[in-house]
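Handing you a structure now.
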Amino acid sequence: MKRKVTSAVLAAAMAVSMLAGGSVAKAEASEVEKIKIYVPTSGASEDIDNVMAAVNEITREKIGVEVEFKPFEFGQWFQQYSLFLSGTEDVDIIANYGGYLNAVSQGAAYDLTDLVQEYGQDIIEMEGDFLKSGQIDGVQYAIPIYASYAWTMGIIYRQDVVDELGLTEQVAEVKNLEDWGDILAVVKEKKPDMTPFVTNNGNTAPNFTYGLWDDLGNYYGVLMNGGETTDVVNLFETEEYAELCKVMHDWYEKGYSNKDIQTQTDAFPVLTKNDAAFSTIGQTDFNTAYYQTTTCQKEMGAILLDVPVARTYNNVTYTVMSNTEHAEACMKFLNLWFSDEELGNLISYGIEGEHYVLDENGMGKYLEGKDATTCAYHLGASISNINRIRWESENPEYAELLVESNTNAKKSAGLGFGFDTANVTNEITQLDNVCSKYQIGLESGALDPEKYLPEFNAALKDAGIETVIAEKQKQLDAFLGK
Amino acid sequence: MAPLFRNGEVTGSMNKKTSFVKKVRKYWPFYVMAMPACIYFIINNYIPMGGLILAFEKYTIKGGIFGSEKVGLDNFKFLFKSADAWIMTRNTLLYNLAFIILGTFMAVFVAYILHEIRSSLSRKVYQTLILFPGLLSIIIVSYLANALLAGDTGFINMHILQPLGFEPISFYSEQKWWPFIIIFVRLWQMTGTNCILYLANMSAIDPGLYEAASLDGANRRKSFMNITLPCLVPTIITLTILSVGKIFNSDFGLFYQVPMNSGALIDVTQTIDTYVYRGLLNTANMGMSAAACFYQSVVGFVLVMITNAIVRKTSSENAMF
């Protein structure tokens, strides 16, 4: 009994001393600011603690910041993203996929205007004018990663199938969607198990999400022809849109697409991987064939339907939460992450030798016997900037080509404009509902545009699309300093 | 405290107070027993009601729940402004009405059939089989439905209509089938769960009543109508009042996932919940979603009160309160 009591006392004493020790250590480290960052990923992250230890060694020394990454599966991410924005999570930096406007309209994005000038010199130097795509009304809310700004709508297809069917030369001649219809006819005949045309995103997003126009943040009011002029017009009433819908419906009628295309739930890469789909339309630029070959794990090709144009839309941006206490540390970290190659490699690929190795060309690859599913850490390149080594599946000259493409691209008149939806929330709620009724059906070809396009436009008018377009034009004019 | 008891000049409210104290003293074990449930309800159901204030403000992180800018009834506008307001209200109400009526009917019917099975083994097997769909996630249900209904590969089109020489039906773009499909899926899924309560109720009926009835020459139909059904009426009424309270809510998965979010079906599948989801998915507006829930709850509350009042008038012993 006595011994038991003593041991209990000892244990308690130890616990107390550990507590004390812990608090001392904390006090010592208090000069290092700790920040947390949430990102979505499709890659592995089991070994994240080791990688973060390596990351923090660098960041502690260079900027006095410790960072903690919390990766989420994509599916989970999109479900929880709104929740993150509500400010209930203990997080400092948050990634935004498909625009950061909600973060701004909810007041969740920190005003980084001054901080980026003070601590973001490397970012400013690299991004140049494109940094504006993180600004609304002159306020820097988001830091975009240096991604491909110049793109256009295009056709993405199975190159290996084209070669197999002897269509290579004919495909090289394809200039528009009408020409593509002839290719689809051949594929339908010779590859009965393969659907010649599917939508890019299944029914989670409209088929023309990546259009020939600059959509200025949402579908309601766009600049046609990649932003040639500054007139905001109603996309759904344009001849171009009607023409696209007509082609899609024609393909649907001819059986090039599935009868249930409206309820297609799998995205193009999934279907392609399983040899179930031949082609789709989507966002294309200089790197599409490379990129799609990696994602679809088949040899892919791409045909751009127009000249690539640099525009507002940028897929990945980072915003600092407005309720953070470490805004400066966040900015310092983003600047370092986006410019320091060692850090870029660590965060994207992990520790060299443990999670990846370099091949003879200096490109990264998985360790012997490991792949994307068995590797212990590989957040991937899509969350990161270009200051990193190239992965073996990437275009070796990606970084140079990207800079060249972005620098020389035709620029949309609305480049850098961000639409603040605060004044038209009610209209947008209704418009989104109208769109969910017609847009996917029309853009996938399941609905006959002769009948449904006028109905769609009437419903949009009722829901107040003109108010939204007027508001957008007003904001765009103000942005352009008219 | 003690003098209050002895001295007769206590005021009404104090009297109440003391009697409560007295009650607590006398029945304290029961209060202790009820405590966990009370605490649970306070934390889980009452404290969050403070969040209803969200429905009346433009929520921002900086302002927080209580400090954000107040906008009055602005958040409610989107529910009524739209051309769809009528459609979604109609759908929500009619589908729920159908669920309540047909659901109760099916549950009682199935419970009665199960109750009549003599062999307890086969009764358990059947009951489990009927219950099983209720345990499936709605996503799985939607794919089961898809396997039956798909235009090119669906079972109905491929293996029933085509061999018989009928034109295939494109279920996901024809509205007329969906009221039936939705109701069928709902009944298929929920009947098993709903009939449990009735089954328990039936086994609690005194067998002596049936014996006496059969001695008097009552057949099965008669003994069902005159013994079983009257014994079930209180349960039916209670469950109906409870469902009426949720008549403005809908099972989101059933109306969004099962039709595979097909735009062509929106006129027959749009309910208040799917409207709110579709409208706010991209904008993630806290205030407006709170407003929609607030509206649903208030209407549900009013309807419960009305139904209960009607029940109290007609058969007061069956009213809930």
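Cβ coordinates are placed from backbone N, Cα and C, and glycine is handled just like the others.
Reproduced below are the annotations present in TrEMBL:
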type     : residues  : note
TRANSMEM : B:27-47   : transmembrane segment
DOMAIN   : B:89-307  : domain 'ABC transmembrane type-1'
TRANSMEM : B:93-114  : transmembrane segment
TRANSMEM : B:126-145 : transmembrane segment
TRANSMEM : B:177-200 : transmembrane segment
TRANSMEM : B:227-248 : transmembrane segment
TRANSMEM : B:288-311 : transmembrane segment
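On this model, are these features tucked inside or out on the surface, and what's nearby?
With a threshold of 8 Å between CB atoms, no same-chain residue lying at least 6 positions outside the transmembrane segment (B:27-47) comes near it.
Proximity of distant same-chain residues to the transmembrane segment (B:93-114), defined by a Cβ-Cβ separation under 8 Å and at least 6 residues beyond the stretch ends, is recorded for 123, 126-127, 130, 179, 182-183, 186-187, 190-192, 194-199, 201-202, 224, 228-229, 232, 236, 239-240, 243-244, 246-248, 250, 255, 271.
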Below 8 angstroms Cβ to Cβ, which residues of this chain, lying six or more residues outside the transmembrane segment (B:227-248), approach it?
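Counting only partners 6 or more residues beyond its ends, the transmembrane segment (B:227-248) has Cβ contacts under 8 Å with 92-93, 96-97, 99-100, 103-104, 108, 112, 194, 197-198, 201-202, 205, 209-210, 213, 272, 295-296, 299-301, 303-304, 307-308, 311, 315, 317-320.
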Take the transmembrane segment (B:126-145) and find every residue of the same chain, 6 or more past its ends, with a Cβ under 8 Å from one of its Cβ atoms.
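Hits for the transmembrane segment (B:126-145): 110, 114, 117, 181, 185, 188-193, 195-196, 199, 251, 253-254, 257-258, 260.
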